[in-house]
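The annotation transmembrane segment is assigned in TrEMBL to 62-82, 88-108, 144-167, 188-206, 212-232, 293-310, 396-413, 425-444, 474-494, 506-526. If you look up TrEMBL, you'll see 551-571 marked as region 'Disordered'. Marked as compositional bias 'Basic and acidic residues' by TrEMBL: 562-571.
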Amino acid sequence: MKSILEYLAVSDTPGKTWVQSFLEVSLSCHLFPTFNKCVSYQTEDLVPVPPEQRTWGRWNYISFWITTSYNVNTWMIVSSMIQLGMSWWQAWLCVCLGYGLTTPFLILNSRPGCVHHVTFPVVARTSFGMWGCLWVTLNRGAMACIWYGVQAANGGACVLVMLRAMWPSINDIPNHLPASAGITTRDFLCFFLFSLISLPLIWFPVHTIRHFFTVKSIITPVAGIVYFAWCISKAKGLGPIVHQRATIHGSQLAWAMLTGMRSCMSDMATLIVNGPDFASRATYPSAVALPQLIAVPVGYGLVSFFGIIVSSSSQVIYGEAIWSPITLLGRFLDDEPSSATRFGVWFVSVAFVIAQVVEINVNDIIPFRVNISANSVSAGCDLTSLFPRFINIRRGGYIAAIIGFCMCPWKLLSTSNNFTTYLSAYSVFLSSVAGVMVTEYWLVRRGHYRLADLYSTRRDGWYWYIWGINPRAYAAYFSGILINVVGLVGAVGHSVPIAATHIYDVSYFTGFGVAAVVYWTINLVFPPVGKFKKFEEVDLSGGFVAGNRDMETENSVEVEEKESVEVTKQG
């Protein structure tokens, strides 16, 4: 309650009491107009993060990204590239370049969060409007719920290997479920246990779990190095994959590499969009930029290199390249392993269980990514924005877990070979969203915010646009989708022109670029209230002391309705 009063109980209208202002602010719960009778803590999940909760420093973000990169998906991501005909170093170069290229997009879209300390659903209001943002947040929240279930199912596989190392007899659990269930009793037990491990962490606020990432950043690299060295030792060398030459050349190789880089960028598409969720907890803005710029490509590059060498070694040990580290660990437990082998498998599998609980990833190949950080927190933020009267971040996280369970994710994975293709294609839509949001902050408003207007349905607010929807944003959003839609049809198995396929091979760039250019152009022709020429990261909410700073806008609209204001720096 205190944070709401501090940030939002400031009136622009003479004579309005703080109570009236607060009730107007509560209209941020716009789906439920009667919520203006309610003054409860739920809306605190949407207001700017208070200073006492801005606890993430640069080392927290570094450890966060180190832990994020260590996951099954990153371990396997080069497999599809090598199977396309690339050599190992070409595939590894694609990973380093792909994740390196995503980092600037991530930093650009995270900036409003670390400067103004607001989360993605609130940042989306600045570009799509108070009502228009609902479609964007609904899409992101729905995907978070789906992915939560899918990742919990895959996390169950990690738990199975861990339990096999402790009690081999778990493999002998009889199956009492019908074939129509799509899962055995043993696998369902492991899925249930993984859920039990995950659920307690949803209870804690985001700013309090940063030390969990620190712990993981210590355990998971150690486990990765042990696994890496162990496989080389068992194979008595690096294996044949590192000596394998590329089977494609010229333009075919170039387009294959672009496809590989697109896979990496698709892998990060959801995180780029909801980057403000975590950046909002930063102690200072610089804690976000440099750590991400370095840690993302380095972390993902190292883990994918481990995946190449381990899979190459498995070809010597078992006569086939096993790209899944969990499958390979399970093979180590066959044929009565020694106690030392069982302990090693247990330690590595525990690290993967931890990685699955907190990992953030969306992949174009196989969907292994985080549950707590990417899915439950993101779903919590998004659902809070949609139903703030009833849901906060904690409740939203548990709702995501329930939906993820009820959708029977193991059945989705077992019955649809193209499941991950359809979901990864969602990056086409997310790239358009990111293009609009980045352009809004950096080129249209140029860092200027009016935080009070983000929590008010006043018709003269910056973000009300036309009936609460910004048509400029949606014109750009659909333009970014249309440039890739034909290639998207081809990706799901239909015949399309080769040019459309090549456009889709760089779909994140085309979707983001077209949406950004269209949005910027429309705002030049039809400038909104509060469009600035000068870049300055400030909050221009009402109630500031008068000053002499020039607040010229390109459309000659006085920002504070003919009142001079003194702006205060944020961050």
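Any Cβ shown, glycine's included, is placed from N, Cα and C.
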- Item | Most Cβ pairs under 8 Å with the transmembrane segment (88-108), selected from 62-82, 212-232, 293-310, 474-494 | 293-310
- Item | Recorded stretch, among 212-232, 293-310, 425-444, 506-526, maximising Cβ pairs under 8 Å relative to the transmembrane segment (62-82) | 293-310
- Item | Chain residues outside the transmembrane segment (212-232) and at least six past its termini with a C-beta under 8 angstroms from it | 59-60, 62-64, 66-67, 70, 201, 238, 303, 306, 309-310, 313-314, 317, 325, 328, 344, 347-348, 350-352, 354-355, 358
